[in-house]
Every structure is written in C-alpha cells, then in structure tokens.
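Below you'll find the structure, written out as structure tokens, and then a few comments.
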Amino acid sequence: MAKKREPPSIKELPDTFLDHETYGYPRTFDPNFKGPVAKRNKTILFYFNLFSCTSPSVVVNLQCPTTQICVSKCPEKFLTYMEIQFMYRTNKHYWMYYSQFCKSPFVKPAKTVTQVLLDDDCPIAIFPSKPFLQRCFPDFTTKNGTLTVGNKTIFEDGSGKKRNAIELRRAANRVNKILDARAIGMKVFEDYATTWYWILIGLTIAMLLSWLFVILLRFTAGFLFWVFMVGVIGIIGYGIWHCYQEHSNLQGRPNSHLTIYDIGFQTDISMYFQLKQTWFAFMIILCLLEVFIILMLIFLRERIRISIALLKEGSKAIGYLPTTLIYPVLTFIFLSICIAYWAVTAIYLATSGVPIYKVISPERTCKHENTTCNPEIFNTTEIARVCPGAQCNFAFYGGKSLYHQYVPTFQMFNLFVFLWLINFIIALGQCALAGAFASYYWALKKPDDIPQYPVFTAFGRAIRYHTGSLAFGSLILALIQMFKLVLEYLDHRLKEAQNNISKFLQCCLKCCFWCLEKMVKFFNRNAYVMIAIYGKNFCRSARDAFNLLMRNVLKVAVMDKVTDFVLILGKILVAGCIGVLAFLLFTHRLPVMIEGPTSLNYYWVPLLTVIIGSYLVAHGFFSVYAMCIDTIFICFCEDLERNDGSREKPYFIAPTLHGTLNKMQLVPLKQKE
C-alpha cells in the first residue's frame with residue numbers, strides 16, 4: 001500500500017473551529033470524499049448552504065441536507081443571489097464569477113430566490129472560504145478576541161436573515177462531526193485491511209503460548225507461577241516506563257499542557273495522546289496496579305503454595321484428559337452460531353418493511369420537519385413550497401401494519417433469546433467439563449479407573465439428562481441480564497430529564513443487579529458441578545453446593561480464590577506478551593527483526609484488537625483450567641465429608657495435594673488405618 005500524505009499537524013486543540021492561519025483546523029476530514037462526481041480540475045467540495053448543517057437531524061442521519069458540488073476554487077468574497085441580480089445589470093462579470101458555484105451554467109440570473117431554493121440550482125449566498133483537505137470552509141479569523149469571517153462578524157445569508165460568525169462556526173463544527181464518523185470508519189477499515197494477517201498471527205501465537213503454559217504447568221507449576229509474576233510485573237513496568245517517556249517527550253511542545261476537559265469530547269482519539277495529562281493518568285493507573293500486585297504477592301505468599309499444588313493437580317487431570325483443551329473450540333463454534341442467528345434475525349426484523357423517508361429542513365422552524373414524504377413527488381408537494389431547501393431523505397424501514405407495530409417487541413424477544421442461548425451454551429460447557437474432571441477425581445486408581453472418552457461421555461450425559469436444569473439456570477441469568485439492559489436503555493433515553501434523586505436510584509439499581517449477576521454466576525457454576533457429580537435437578541444441586549461452600553468458607557477463601565488470581569495473572573501475561581510484540585511491530589520498533597505494516601492511521605486499533613483477542617484466547621484455555629480446579633475443589637470438600645481416610649472409606653485426594661494441605665492444617669494429618 002502506498003504511503004499516504006499525512007495531514008498538517010495540530011497547533012491547537014479547541015472544541016470548535018477557529019482561524020486556520022492562527023490556530024489550524026483539526027485533522028478530521030477525509031480528503032478522498034468528494035460528494036458528487038468530480039469534473040476535471042474540480043477537486044474541492046463546496047456546500048450550498050452550510051447553515052443547514054445545524055439541523056438536529058444531521059446527527060441522526062449523518063448527512064448535511066444541502067447540495068454539494070465540486071468546484072475548482074473556493075469563494076473569496078461575500079455575495080448573495082439577490083445582490084448578483086442587481087449587479088448583473090451593470091456588470092456581467094459578477095455573474096460569471098458567481099455561476100461557477102452553481103450546479104450547471106446559466107446565461108443570466110433570471111430565476112427568483114424562491115425558485116432557486118426550490119430547484120436547488122445555485123447557492124443563495126457565498127462566503128469567503130479557504131480550501132482545507134479539499135473542502136471549502138469559511139475563512140475564520142480572530143481580531144481582538146472576536147471571531148470574524150472575511151473581516152465581518154454579521155452578514156446576510158441570502159434569505160433576508162442576519163447571521164453571525166459564531167453560527168457559521170457551529171455549522172462547520174457539525175460538518176466536522178459528520179465527516180469524523182465517516183472518515184474514522186474508513187480509516188479503521190483500512191487499518192484492518194492492512195493488518196488482518198498480523199492480527200491472525202498474533203492470535204495464533206497467543207493460542208500456542210496458552211497451550212504451552214497449560215502443558216508446562218503439569219511439570220513446572222511453581223516455576224511457571226513465578227514466571228507469571230515476574231512477567232506481569234515486568235510488562236506493567238514497561239508500560240510505566242513508556243508512559244513516562246511519552247510524557248517527557250511532550251515537554252515543551254505547544255498546547256501539550258492542555259487538559260482533557262479543555263479539548264472536550266473528540267472522535268479523533270489521537271488528539272488525547274498529544275496531551276501530557278493522558279500519559280500521566282496512564283502512568284498513575286499502571287503504578288497503582290503494580291503496587292497492588294506486589295502487595296498481593298507479599299500477603300498471600302503462604303497461600304500461593306496451595307495454589308501451586310492445585311495447579312499441579314489440575315495439570316495432571318488435564319494431562320489425563322487432553323481432549324478438554326479442545327472443548328473451548330466447540331464452545332466458540334456454538335457461540336458463533338448463536339451470534340449469527342441473533343444478527344441475521346435482527347437484520348431481517350429491522351428491514352422487514354418499506355423504506356420510510358423523512359423531511360429534513362435546513363431551518364428548524366419548518367412545521368413539516370421529520371414528517372414522512374415521497375421522494376419521487378416531493379418537489380411538487382406543498383412541503384417543498386412552504387419549506388424552501390427541505391429535502392426528502394431515507395430514514396429507516398417500517399410500516400403501519402399490525403406486524404410493524406410489534407417489530408420492537410420482536411427485537412427485544414430476539415435479544416432475550418440470544419442471552420438465554422449464550423448462557424445455556426456456557427452452562428453446557430461447564431457441566432460437561434465438570435463431569436469429565438469429576439470422573440478423574442473419583443477414580444481411586446488413576447488413570448486405570450478413569451472411563452474411556454470422559455469428555456464425550458460427560459457431554460452426552462449433560463445433553464440427555466440435564467438439559468432442563470441447564471436451561472433453567474441459564475434462564476435466571478438471562479432475566480437478570482435483560483433487566484440490566486433495560487436499565488441501561490432507560491438511563492440513556494432519560495439522561496437529560498433525570499434529577500439527582502433519580503440518578504442516584506438508577507445507580508443503586510445498576511449496582512444491585514451487577515452484584516446479583518455475579519452472585520448468580522457463582523452459584524450456577526457450582527450448581528452445574530453438583531449436577532455433573534450427582535445428577536440432581538438444578539434447585540437441589542444449587543442448594544447442596546451453597547451449603548457445602550458455607551461449611552468450607554475458609555477453604556474457599558484460601559484455595560479457590562487465590563488460584564483464580566493466579567490464572568488471571570496468566571491471562572494478563574499472555575495478552576501482555578502479545579500486546580508488547582504487536583506494539584513494537586505496529587510502531588516500527590522492530591525493523592531489524594521484521595518489517596511491520598506501514599501507513600497505519602490508528603495503530604492502536606489493531607493493537608487493541610490483538611490484545612483483547614489474545615486475552616480471550618487465553619481465557620478460553622485457562623477457563624478449562626479454572627473449571628478443573630473448581631471441580632476438584634468441590635470434589636475435595638465432598639471427599640472430606642463423605643470419607644474419613646480409613647481403608648473402608650479412603651480419601652480420593654491425590655497424595656501430593658494431601659501432603660501440601662496437611663502442612664496448612666486444612667485436612668486430617670493422616671489417613672486412618
């Protein structure tokens with residue numbers, strides 16, 4: 001791919017347009033977009049009525065309701081169509097200059113202003129403009145703190161109204177936001193098209209690295225644990241150093257001292273990376289995370305020995321049941337099918353109607369704004385005469401039948417079914433893996449007593465006997481998640497109308513549902529383990545699992561959660577290693593070893609994709625490990641309550657794990673003879 005010409009650097013980062021000579025415009029326009037088909041030597045886009053871009057419908061429809069044509073140069077003076085009609089009588093040169101901004105050449109300005117608005121042949125006014133990234137934008141200047149256009153602060157817009165430079169700047173800003181959405185989307189697509197194979201390579205390396213860690217944990221769990229610790233601390237330390245370097249490099253640069261509050265919300269994310277405050281905030285966050293991990297290692301150093309013993313036991317179980325590592329692929333396939341079903345159904349519902357067109361008017365005073373219209377006969381209707389400059393644009397698909405009235409209800413039902421299916425697939429995977437690992441634990445002579453094809457057997461048993469229990473547990477979780485989505489939707493729609501009390505209640509409800517979802521997930525997970533062991537229904541299994549955990553609260557705190565912390569660090573290590581390599585590659589800091597992709601618009605887009613994707617890949621592998629340890633832990637608690645270590649009731653726990661737990665005084669010191 002040819003290297004692109006970089007846009008001019010940012011000298012100022014205001015939230016509005018200012019003087020292009022003094023401050024410089026933001027880099028937010030796509031120079032390749034030209035609207036209508038450009039003619040020869042006409043490469044600059046010109047807007048007929050820039051004030052129409054201030055309409056609220058612009059944000060919804062992502063288009064400015066005014067004619068756009070390509071011109072060879074931008075206007076250099078103030079002129080209105082009415083002024084041209086008077087000037088034409090004395091000097092035809094004025095009309096020759098003005099007509100170059102019309103859609104087609106005219107011999108003379110014979111039409112009235114109203115007719116020009118209806119036919120949309122020419123702009124009713126032009127303003128002094130300068131080309132910026134192949135677009136004509138007003139030539140803003142600042143004099144004594146006052147914003148002007150062509151040395152004027154107030155001027156006519158051609159329809160008899162007085163306008164000021166601030167209104168024109170507001171319209172230019174609205175065009176800026178429209179083009180931001182389109183330009184950023186195109187640039188992100190270009191970045192993905194350039195780096196897609198590098199992303200796949202990164203995800204493949206993450207899969208191999210995760211697989212390697214899982215295999216090595218069986219033999220060197222203690223060593224790999226400290227590799228995890230040192231690796232995570234080192235990666236976070238590198239992040240702190242990089243943030244400090246970026247913060248130091250911005251010293252002395254103009255306007256790098258501005259705060260995020262000063263520049264406001266910007267769709268161009270790269271603007272924030274030019275501020276010292278951004279890198280300082282990242283550095284503080286990483287420092288706090290580094291201190292937290294170090295303190296956890298210090299205070300939990302005795303508990304880490306138990307985690308290492310559990311990791312070794314889990315590695316041994318996975319070594320006897322290697323097919324469990326393939327199961328996340330099956331879960332991924334099932335989830336992909338569910339996502340595809342939901343997306344296709346949602347698209348069919350959204351497009352199951354006739355195209356609906358709405359009236360978009362450049363003036364907010366038009367009483368027909370957002371009413372339906374017919375584009376084929378719109379110019380002959382009363383609306384076109386009452387609201388000059390109004391256009392009939394596509395809005396959405398819809399209809400007035402009984403079916404179309406219930407389309408939003410169908411969409412909500414489709415979303416609920418999607419959540420239910422996703423949770424059911426996750427529950428099915430947990431129950432199948434729990435059944436396979438339980439068969440390993442309760443085998444007295446390992447591996448001789450382990451049944452053949454344990455994963456396939458446990459999966460078939462879950463499908464045949466426990467589908468109703470899994471569906472019921474998934475239904476409870478889906479209902480909670482649906483309530484959370486409804487709360488988020490109401491908060492979004494009623495955000496401006498809420499007072500402090502309603503916001504407080506909304507925040508409390510969100511917090512309560514978040515805690516409830518986490519609690520239900522925890523109980524469901526342990527209930528599925530009990531279902532896999534005993535085959536009881538969901539309610540009895542959830543009750544038995546809850547009572548069992550409550551009788552072993554100390555063991556839960558010591559063994560289960562510390563091990564989860566270790567696995568989380570393992571995921572961070574895998575994602576961090578791949579993220580560092582991707583960062584060095586996409587920022588061309590590995591020129592000696594390998595040449596990365598060139599001319600990326602936003603290198604952080606493929607970088608975040610690789611990091612998040614690597615974390616998800618590692619999560620898929622380590623989730624098998626987590627399910628193995630959770631199952632072994634539940635079986636271990638059951639083992640201690642059902643057996644006493646005698647010859648008639650021997651413990652099923654592995655001798656190595658039993659010896660480690662002896663030292664922590666969590667099990668009887670020795671088995672009874």
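A Cβ is built for glycine as well, from the same backbone N, Cα and C atoms used for every other residue.
Automated prediction, rather than curation, is the source of TrEMBL annotations.
Copied from TrEMBL, the annotated features are:
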TRANSMEM  196-217  transmembrane segment
TRANSMEM  223-244  transmembrane segment
TRANSMEM  279-300  transmembrane segment
TRANSMEM  325-350  transmembrane segment
TRANSMEM  415-443  transmembrane segment
TRANSMEM  463-487  transmembrane segment
TRANSMEM  565-587  transmembrane segment
TRANSMEM  607-637  transmembrane segment
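Within the same chain, residues 224, 311-312, 314-315, 318, 325, 570, 574-575, 577-578, 581-582, 585-586, 596-597, 606, 609-610, 613-614, 617-618, 620-622, 624-625 sit at least 6 positions outside the transmembrane segment (196-217) and bring their C-beta atoms closer than 8 Å to a C-beta of that stretch.
Long-range Cβ contacts of the transmembrane segment (607-637) within its own chain (Cβ-Cβ under 8 Å, at least 6 residues beyond either end) map to 192, 198-199, 202-203, 206-207, 209-211, 213-214, 217, 310-311, 313-314, 317-318, 324-325, 327-328, 331-332, 430, 433-434, 437-438, 441-442, 525-526, 529-530, 532-533, 545, 548-549, 551-552, 555-556, 559-560, 563-564, 567, 570-572, 574-575, 578-579, 582-583, 586, 652-653, 657.
Remote same-chain residues near the transmembrane segment (223-244) are listed as 213, 216-217, 279-280, 282-283, 286-287, 289-290, 293-294, 297, 304, 307-308, 311, 566, 569-570, 572-573, 576-577, 579-580 (criterion: CB distance under 8 Å, separation of at least six residues from the stretch ends).
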